[in-house]
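Asker: Dumping the structure here so I can ask a few things about it.
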């Protein structure tokens, strides 16, 4: 199979190296990643300056073709699909990210956005994240990525979609299983640290603490874990995501809410 791999941690990150090298013996793997750290850039694109891409060597096994791109994670996948590859890949993978992408993290995540770019182009995609910001034992996550990819090949999905995969930061023999999950709630208590540079000008660092599982019990589905809950239980979490953000459950209530305004507008 032809596999395109991106990330947001950059071309030098050990997570993408583990994933690409693990897949390379059985697949045609092309890596296109940012040339530097691009975490939390969301689905941003570069439109006001050129994008540059250079092939890199020595960081991956010989079977892997790798490019370092000056753009965002989404730029990397878009550029690969539109210019660098001679034909579309069978799958787009992203990661393995250093740190989890749970709940509302996916709205900010360059890792998830890179994979979502594949889905926008009609290609089944997977985003992989390892739930530690410090531990770099990526091989169990890479091994699971290989297993999941083989399962997708043998049992194709009915339509292209994004699978957001979070792997708990525990030894492989302590992983408690694989759970199909829904997106949880993972917000942050933001804190901006105010500092003064040597020239007397003010600047800020974004910091803060994670607030997890703030879901209203009345809205909870007791039969499907959230991704946050699954990781707490040492399970691999697989969450299907889509780019259509329409709040479908709100459409009918909003029709009644909007009717008075529509009537008023009709007489203007």
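Placement of Cβ uses the backbone N, Cα and C atoms for every residue, glycine included.
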Asker: Check Swiss-Prot: it lists 8, 9, 39 as binding divalent metal cation. Then name which of 97, 101 it lists for that same site.
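Answerer: Record check against Swiss-Prot: divalent metal cation site with 8, 9, 39, extra candidate from 97, 101 is 97.
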Asker: Restricting to the same chain and to sequence separations of six or more, state which residues have a Cβ under 8 Å from that of residue 97 (divalent metal cation binding site).
Answerer: 7, 8, 9, 15, 39, 109, 111, 127, 128, 129, 130
